[in-house]
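**Student:** Sharing a structure, written as structure tokens. Questions coming.
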Amino acid sequence: MADNPEHELEQRRRLLDVASRFPLPNDGGGGAGCRFSYGTAGFRADGATMPPAVCRAGILAAFRSLKLAGAAVGIVITASHNPVGDNGVKIADPDGGMMAQHWESFADALANAPDPDALLQLVLQFAKDEGIPLGSHHTAQVLLGRDTRPTGEYLLDAALQGINAIVGAHAIDMGILTTPQLHWMVRSKNKGVKASESAYFTQLINSFRHMLELVPKDKSGDELANKLIVDGANGIGGVKLEQIKAELSGLDILVRNSGKEGEGILNHMCGADFVQKERVTPHGFSPEDVGVRCASLDGDADRLVYFRVSSASDNKVDLVDGDKILSLFALFIREQLDIINDGSKVNKPLPAKLGIVQTAYANGASTQFLKDLGLEVVFTPTGVKYLHKKALEYDIGIYFEANGHGTVVFSENFISQLESLSKELSSQDDNGSAQYHAVMRLMAASQLINQAVGDALSGLLFVEAILQYRGWSFQNWCELYSDLPSRQLKVKVIDRSSIVTTNAETKVSQPSSLQELIDKETVNYSHGRCFVRPSGTEDVVRVYAEASTQVEADSLAKSVAQHVGRLLG
């Protein structure tokens, strides 16, 4: 495991030392204290209880880098859309995506190891099982970022101590960042390109400018079409958008809830999660904003939704959620592919497998809209890690959850084909053709969108570029399709694990009688659709129902919830 016994002894000493400095909260109180569980959000809890978990996440990240021959791994300290008192930590793999799922059980065990000796034995055994060269000459590198939460600085120090407990590990503090920026930097560093914040901003600004240069001249909108009010959730995204908005020519951005001192509280009555769930205006918006296109980021800027203040008489909004953002992206990309393949100068079509990835929570109207376009739509279980993995199977994979988290991924093979085609068309003096412009739009899009993870800033700029390209108003976008009314309910149960789902969580396999009951209820409703799934975090079963009217959706959800309660309560 180690090059020599001295290195191994040093490694053991460091691990015991750091574990002693960060005992579990309430440890020694007869088993009291919280239990950490690593999921899609990493570890997340009240910020005051997080130092031991964050320290151990530092050990984990350094370990992960060692396993992957020293490739850069990332740590971001954030609790995303949670209240300001919470905090969390998650790990980014070398491709900028989420940590490999099969490491989550080790993450759980490490975070909950009850004492230094137990932690040491766990690490040594895992290193042996995985063939990880602990205490050797091998090096590990971990990039760190955090959001603006008051507990962030202290937790960053805990992460640094965890990383430094691994012999040969090197930590690089990238500063206060959005979560997607940190993921982008990890991906960039491992691709051998500049991995700084300035490089991130330059790529966004230049690719956005390039996309606007490719907008047909007859599509320029009026002044209102270029005006955008952004709710920054009093988080890091608002801060970063303020830094670059002056360089985004063709777009007049006003940031509210920007994170400035005294403007408001992080994620409180504002942010993408609040707007998407409550369907009301965030703090800081007023009847004077009626008719203006608005967008909302969440606290760490990995979610994006759009909205419009509907009337001066109440605080209701017209919402454009992740489903409709996905539909806009799909429409644009499909159109560019059609232009390329219909071009007269192409010797052979550009073979591009375009895939749309959704979960069962996607509104049925969006799925139908995408299928009517002739697009391939596939489903995965709920969770970004499943969506992203599936999207990677395509030349171009697009995924979004209704909550506004999603992105577009382009395969390297497809990008190289685009580059070859652009050179071919240039050599034929055909760089003024519609086909050439479509190629350049897709290349610019692949630079603009953050392919590592959902990114509210890059997603927002991609939306704005497409709206200008199409000459669309917010109303045009809203009218792509009408959402089917839906209802979500939670049913408290004794044991949520007694429900087993299949077909990307759309069907229940156990208990076998439940799916029959759901089917019998659903058939009574026009456009009826209903599924149930166990919560990942609490002993409840989630019920989701859709129908042609809100009354019917409510009725279907209630009926199915009653069946769940009778069978499992």
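Every residue, even glycine, has its Cβ placed from backbone N, Cα and C.
Automated prediction, rather than curation, is the source of TrEMBL annotations.
So TrEMBL has the following annotated:
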type     : residues                                                               : note
ACT_SITE : SER80                                                                  : active site, phosphoserine intermediate
BINDING  : SER80, ASP298, ASP300, ASP302                                          : Mg(2+) binding site
BINDING  : GLU401, ALA402, ASN403, ARG533, PRO534, SER535, GLY536, THR537, ARG542 : substrate binding site
DOMAIN   : 67-101                                                                 : domain 'Alpha-D-phosphohexomutase alpha/beta/alpha'
DOMAIN   : 135-190                                                                : domain 'Alpha-D-phosphohexomutase alpha/beta/alpha'
DOMAIN   : 195-305                                                                : domain 'Phosphoacetylglucosamine mutase AMG1'
DOMAIN   : 321-472                                                                : domain 'Phosphoacetylglucosamine mutase AMG1'
DOMAIN   : 517-562                                                                : domain 'Alpha-D-phosphohexomutase C-terminal'
**Student:** Below 8 Å between Cβ atoms, which of the listed ranges 67-101, 321-472, 517-562 makes the most pairs with the domain 'Phosphoacetylglucosamine mutase AMG1' (195-305)?
**Tutor:** 321-472
**Student:** Same-chain residues six or more away whose CB lies under 8 A from the CB of ASP298 (Mg(2+) binding site)?
**Tutor:** SER80, HIS81, ALA233, GLY235, GLY237, ASN267, GLY271, ALA272, ASP273, GLY404, ALA456
**Student:** Counting by DSSP, what is the helix, strand and coil composition of the domain 'Alpha-D-phosphohexomutase alpha/beta/alpha' (67-101)?
**Tutor:** 2 helix, 13 strand, 20 coil
**Student:** Could you name the residues, excluding SER80, ASP298, ASP300, ASP302, of the same chain that surround the Mg(2+) site, i.e. Cβ within 8 Å of the Cβ centre of those residues, in sequence order?
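**Tutor:** For the Mg(2+) site, the extra neighbours are THR78, HIS81, ASP147, THR178, THR179, GLY235, GLY237, ALA272, LEU297, GLY299, ALA301, ARG303, HIS405, ALA456.
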**Student:** What whole-number Å value do you get for the CA-CA distance of ASP302 (Mg(2+) binding site) and GLY536 (substrate binding site)?
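**Tutor:** Approximately 21 Å lies between the Cα of ASP302 (Mg(2+) binding site) and that of GLY536 (substrate binding site).
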**Student:** Largest pairwise Cα distance, Å, within the listed substrate binders GLU401, ALA402, ASN403, ARG533, PRO534, SER535, GLY536, THR537, ARG542?
**Tutor:** 20
**Student:** Spatially, which candidate from the binding-site residues GLU401, ASN403, ARG542 is nearest to ASP300 (Mg(2+) binding site), comparing Cα atoms?
**Tutor:** ASN403
**Student:** What count of other C-beta atoms do you get within 10 angstroms of the C-beta of ASP302 (Mg(2+) binding site), across all chains shown?
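**Tutor:** Counting Cβ neighbours of ASP302 (Mg(2+) binding site) within 10 Å gives 30.
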**Student:** Least buried of the recorded positions SER80, ASN403, going by other Cβ atoms within 10 Å?
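**Tutor:** Looking at the recorded positions SER80, ASN403, the Cβ with the fewest others within 10 Å is that of ASN403.
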**Student:** Please spell out the DSSP helix, strand and coil residue counts for the domain 'Alpha-D-phosphohexomutase alpha/beta/alpha' (135-190).
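**Tutor:** Helix/strand/coil tally for the domain 'Alpha-D-phosphohexomutase alpha/beta/alpha' (135-190): 25 helix, 15 strand, 16 coil.
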**Student:** Suppose we draw a 10 Å sphere around the Cβ of PRO534 (substrate binding site). How many other Cβ atoms does it contain, all chains included?
**Tutor:** 21
**Student:** List, in sequence order, the same-chain residues at least six positions removed whose CB sits under 8 Å from that of ARG542 (substrate binding site)?
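**Tutor:** In sequence order, the residues whose Cβ lies under 8 Å from that of ARG542 (substrate binding site) (at least 6 apart) are GLN488, LEU489, LYS490, VAL532, ARG533, PRO534, SER535.
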**Student:** For the domain 'Alpha-D-phosphohexomutase C-terminal' (517-562), what does DSSP give as the number of helix, strand and coil residues?
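**Tutor:** Split by secondary structure, the domain 'Alpha-D-phosphohexomutase C-terminal' (517-562) comes out as 19 helix, 13 strand, 14 coil.
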